[in-house]
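Per Swiss-Prot, transit peptide is recorded for 1-5, and the stated evidence type is similarity to another entry. The Mn(2+) binding site annotation in Swiss-Prot covers H31, H79, D164, H168 and is backed by similarity to another entry. If you look up Swiss-Prot, you'll see Y39 marked as 3'-nitrotyrosine, on the strength of similarity to another entry. Marked as N6-succinyllysine by Swiss-Prot: K49, K103, K111. Annotation comment: Swiss-Prot describes K49, K95, K103, K111, K183 as N6-acetyllysine.
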Amino acid sequence: HGRGMKHSLPDLPYDYGALEPHINAQIMELHHSKHHAAYVNNLNATEEKYREALARGDVTAHVALQPALKFKGGGHINHTIFWTNLSPNGGGEPKGELLEAIKRDFGSFDKFKERLTAVSVGVQGSGWGWLGFNKEQGHLQIAACANQDPLQGTTGLIPLLGIDVWEHAYYLQYKNVRPDYLKAIWNVITWENVTERYMACK
């Protein structure tokens, strides 16, 4: 990014209350307007410091800033995907080539759903469960990432569907019962978006 190329908070493609009753408006508003906004603001500030360190030739400083870039940049990347993976018209099953690929790589849609649910529920502490595409091998893979580690930068997989299992994504509604949140989120996942991502990278 050149100077003045700042990251900005993307608009949600729906209202804060649109995913009710599965994810309530209070969670969506805080998650988007506070949590995601903070990642964007902090990413911009960190990139500015990083550019200054590079300009000074200060290798120590720019190495020291890399974990912050990964965390804040990952937070921005991950949430930007997450919002578009969700829709009030979500739920159901994918169709066409994505469904065929899911059946090929996981046996059935239900088996895939069970597997991604188990991986997401099993994340220790904060993190994400992902459906990704392994371009080299030409197949779908499920992976978990810690904290805000971005899927592609961490595993090389291209992100298709992300499930945020940070407590801020569900605690106000589901308390400490992460499996209940996972059960609910399948009702608002939009397979159209996941399919678009799949078709664009395969």
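Note: Cβ is positioned from N, Cα and C throughout, glycine not excepted.
Shown on the structure are the features that Swiss-Prot records.
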residue : record              : Cβ within 10 Å
H31     : Mn(2+) binding site : 23
Y39     : 3'-nitrotyrosine    : 22
K49     : N6-succinyllysine   : 15
H79     : Mn(2+) binding site : 24
K95     : N6-acetyllysine     : 11
K103    : N6-acetyllysine     : 13
K111    : N6-acetyllysine     : 13
D164    : Mn(2+) binding site : 25
H168    : Mn(2+) binding site : 13
K183    : N6-acetyllysine     : 14
Among Y39, K49, K103, K183, which are recorded as modified residues, the nearest neighbour of H168 (Mn(2+) binding site) by Cα: Y39
Do you see any of the recorded positions K95, K103, D164 whose C-alpha is within 10 Å of K111 (N6-acetyllysine), and which ones? K103
Other than H31, H79, D164, H168, the chain contributes near Mn(2+) (Cβ within 8 Å of their centroid) the residues H32, H35, H36, F82, W166, A169
Can you give me the Cα-Cα distance between K103 (N6-acetyllysine) and H31 (Mn(2+) binding site) in Å, rounded to a whole number? 33
Give me the Cα-Cα distance between H79 (Mn(2+) binding site) and K183 (N6-acetyllysine), rounded to a whole Å. 20
Rounded Cα separation (Å) that holds between H31 (Mn(2+) binding site) and K95 (N6-acetyllysine): 30
Between the Cα atoms of K95 (N6-acetyllysine) and K183 (N6-acetyllysine), find the distance and write it as a whole number of Å. 21
At the Cα level, what's the spacing in Å between Y39 (3'-nitrotyrosine) and K183 (N6-acetyllysine), rounded? 27
Inter-residue C-alpha distance, D164 (Mn(2+) binding site) and K183 (N6-acetyllysine) (nearest angstrom): 13
Return one of helix, strand or coil for K95 (N6-acetyllysine), based on DSSP. coil
For K49 (N6-succinyllysine) and K183 (N6-acetyllysine), what Cα-Cα distance in Å is obtained after rounding to a whole number? 41
Per DSSP (helix/strand/coil reduction), D164 (Mn(2+) binding site) sits in strand
